[in-house]
Amino acid sequence: MIMESTPQSLTSSGTGKSAKMGSRIGLTQELIVFLLAIALFTYFSLTLDNFLSSANILNLIRNVAMLGMLSLGMAVVVIGRGVDLSLVAVMAVSLTFSIVLANQGYAFSAALVLGLALVIVVAIIMGFLIAYVEIPAIFATLAVSAIVYGLGRGVIATLDVNNVPDNLDWFLFLGRGSFLGIPIPIWLFAISALALYLFLRRTGFGRFIYAIGDNISTARITGIPVRPTIILQYVLSGVMAFLAGCVTAASVASMNMRMVNSTLIYDVLLVVILGGIGLSGGRGGVRNVLVGTVLIGLLLNGMTILDFSYTVQNLVKSTVLLCALIVDALLNPRDEQTSQQGDI
Amino acid sequence: MEAIERLYFRYFPEKLLGEVLTKRWSDNAVPVFATILTISFFLLQNPNFFTLSSLTETSRQLSEFSLIVVAMGIVLLAGGLDLSVGSVFALANITALICIHILGWPVWATVATTLAVGGLCGAVNGFLIGYLRIRAFLTTLVTLIIIRSIVDIILLRYAVEISAVFPESDLWFFIGDGLVFGIPFSFLVAIVVIALWHVILTRARAGWHINAVGGSRRSAYNAGLKVKFTVFTTYVWSSLLTALAGVFFAARLGSAGSDTGAGLEIAALTAAVLGGNSLGGGRGSVIKSVLGAIVVLILTDSMVRVGISGGISSMILGIVLLAVVAIDVRWLKNRHKLLNKVYVSPAYFRLSELPETGAGSGSPYAINDRLKDVSLIGQGEIEGPEDVIFDRNDNLYCPNRHGDIVRFLAPNYKQWEIFAHIGGHPLGMAFDAAENLNVCIGGMGLYQVSPDHTVRKLTDETNRTLLSVIDDSRLKLADDLDIAPDGRIFFSEATIRYDMHDWATDALESRGNGRLICFDPRDRSTKTILRNLQFPNGVCMAGDGQSFFFAETWGCRISRYWFDGPRKGACEVTIPNLPGYPDNINRASDSCFWVALVGMRSPALDLAMRMPSLRKRMAKRVARDQWLFPNINTGCVLKFRPNGEIVESYWDLGGKNHPMVTSMREHKGHLYLGGLYNDRIGRLRLPDADPNWTSQVAYWGANK
């Protein structure tokens, strides 16, 4: 029962009228978002001159791939009833770390491995703080985000922007190349989406994550290794952030740490929430991320072409996010008798 | 060894430590310590830190920052979180600047508009979080971005205009830079606001509602509080206070920088949690917020002065935030465990050698089987008749566990009725001259039931001891009473540290936790007359109108206290070394006294009383039902003369009818026996006793 978490299974198992209602609306939400995305795409194609140009489509795809990979990482954590606000900081700082190492003479592959190691260490520390010390995930990840960013700005690098060393075509290929006519970032996004899909649906740990997100006390009583699984969630999201960072760095041949101060992390949250992964955990999957990514990617790209200023874009995005939160709250109202104390 | 242990447990303030930990204010110890440490560190580092001019400047910053932290603390207290304070601060700043610089409005209109804008932001947050129940963290994060975007858009349009104009208002200047008796105006306002909020949160209904919602939202909801409205108001207040800080900031600097209030939410959150406000609500105060604000402000200020780069300082703040949240979470989770470990504080107590009780030993305590042939009253129909008593019509009264006083009707005591329902477990009982039944009730206090069944509270509190850490004014375990001829009621309170059902823990401590209290019906005053007694229990007037006997259960002794006459105030031990634990004392027909021994001493426990560290370890490590316990399964009834000489004893060897005797009452040639955990009342014929003697007539006289 706990393991089954697709909307269909909830409906068929008949856990009550409200669950049926919720799942039916949940299904429509995903569908609505998908239809919206198609409508938006058609609208932009018809009204914006540059929208269908190959340069723009490439740009769109690259951004979408990066956003999608980050969202995949966030999705894993949110399904397990957590949240990871450190994604962007980890992404920017780990790649900066790799690049700085490479510029100091390390082989780039070795530097990348060290960067990945940094990500995993940070993720394990963060997961430990959340799972064992029991600090609320939002605080732990927020504070780790600040610490990692401070580490990047104060210790690892002196400059905000660090360029990838020359003659690294194989690396740049990750961001700029294509295979069978489809850009590599999309391949990477697709592969990681498939891998995460298989992980979440077919492996024991994937099922554990759903169980933990659904009801952590029950999961613990059932005998699931709750705490190690929570650490695993954050390691996974960190690895996804690192992958996204590779794609970003490869496509522009540099890594800009100021990205941490942007509202990228809210875009990621937006993708996850709009896609239909409830913040209360245990619901949703990779498909929701794909749908959400397409919509948000289109929206961001369209606004950029329409020449909305950065602030106005932020305003629009955050208003959309707020609306998504309100809809989420109206569709899944929290009950005074069953909601958890101190759940902020 | 024993001497060392005796000295250690007498003088080491372990009990004090445990009691301090029970107080909510003990949470403040860590932030206060952190404040002192930070201030003294930077004082040593940089003596110029505390020059007058720098203090004035710092106090202005502090007044703004502490207002915001107090705002954050209020939201945290109700179980929420407000990350939008930084943006609201910036919005308030820009609103005030536009009103006064560009629109040229008077100061009062500017302040009112700014506060209104702030209140509106808070209302939006409050509506979304309070009424729609969206998660506070995400909601305020989103409103943080939205409001920040609005500020940026406004800035783009008006920043140049704002910096071009200087307002011509002395009042505006005064708000920003004015001094009152050398103290910055904003600082004074902040102090007033903070003091006001302290009063609201600790004394006013609104503040208590906030505490209740944060402490247990579900209970508050079920208790009928307007939970959603309360949450809503916290966000409104938070934004209002932040907007006030924004006004001061605008008046002080008059600058429309784009980084105003950036990162303020993290600093405020760090400060609030560092001060000891709990994430998730229910624990927090204004004082805590202010302490946290001081520490964080000094920390960030000093980092700027020392020249630490922005990256590192954000890292340091992040680490501080993580550390304090970790401490907070672990403290909340483990506080009661720590408390359990240190609260129980046994004392050294050496009893004299156990008196002989062997059959045929010739000792007055020698065991016999005289209680074997009691007849039973109300068997299986009552629970827990701790005491028994008779009125002038021979009806029998006893309490039961359900909080009633039950009356068995004379003459055969087959029929019974509930005389009065009081609640709590009634313990000792006594009739006064006007036939009112006075009752000590565990957990409630001293009550009176008049013959027409009316229940009245006489007292439930006494004077608080000066310098006591735990509040000892409430009566926790009023136990037994007797009434002086002039109407004064003397009663015992067994312990001030534990509730009734934790009597075993008090036995483990065997510390003088109990006291004797006098209630004077003439002016309805209550006064403690004797302290530090080891579980004082039975109280019985000695008959001279000047003194009474009282039993100390864990002390295994009976003492006499003079409350009047030439020896007023004297207290002297009558029977020093009983073989068991004495409970109630009552008068006998031959001018002797009855005392019930609720259980007998055992050599092992007597020895453990001399080893407080053993008992402390036991309390920590052994489950409660495996402790060394005072035995309460074998008891007896003793008769003693006023000079302390034991006359005879009555035992129930098989423990069949009366495994426990906590009280006995002689009435018309019979002895009636009650027991706290019994389901019956025993009745034993006393062949040698005066068949017409009743305690009531003997004490108060025959005529009504």
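Cβ coordinates come from backbone N, Cα and C, glycine included.
Here is what TrEMBL says about this protein:
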DOMAIN    B:479-565  domain 'Strictosidine synthase conserved region'
TRANSMEM  B:25-45  transmembrane segment
TRANSMEM  B:65-81  transmembrane segment
TRANSMEM  B:88-108  transmembrane segment
TRANSMEM  B:114-134  transmembrane segment
TRANSMEM  B:141-160  transmembrane segment
TRANSMEM  B:172-200  transmembrane segment
TRANSMEM  B:227-250  transmembrane segment
TRANSMEM  B:286-306  transmembrane segment
TRANSMEM  B:312-332  transmembrane segment
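Remark: the transmembrane segment (B:286-306) makes no contact with the transmembrane segment (B:141-160), by the rule of 3 or more CB pairs under 8 A.
Mean pLDDT for the domain 'Strictosidine synthase conserved region' (B:479-565) in the predicted structure: 91. Sequence-distant residue pairs (6 or more apart) of the transmembrane segment (B:114-134) and the transmembrane segment (B:227-250) include at least 3 whose Cβ atoms are under 8 Å, placing the two stretches in contact. Outside the transmembrane segment (B:172-200) by six or more residues, the chain places 56, 59-60, 62-64, 66-67, 70, 74, 100, 107, 110, 206-207, 241, 244, 247-248, 250-254, 285-287, 290 with a CB less than 8 A from a CB of the stretch.
Distant neighbours of the transmembrane segment (B:25-45): 274-276, 283, 285, 287-288, 291-292, 294-295, 298-299, 302, 327, 331; these residues of the same chain sit at least 6 beyond its ends, with a Cβ under 8 Å from one of its Cβ atoms. According to DSSP, the secondary structure content of the domain 'Strictosidine synthase conserved region' (B:479-565) in residues is 10 helix, 44 strand, 33 coil. Long-range contacts of the transmembrane segment (B:88-108) within its own chain (CB-CB distance under 8 A, at least 6 residues past either end) are made by residues 68, 114, 117-118, 121-122, 147-148, 150-151, 154-155, 158, 161-162, 165-167, 169, 171-172, 175, 239, 242-247, 249-251, 254, 256, 260-262, 264.
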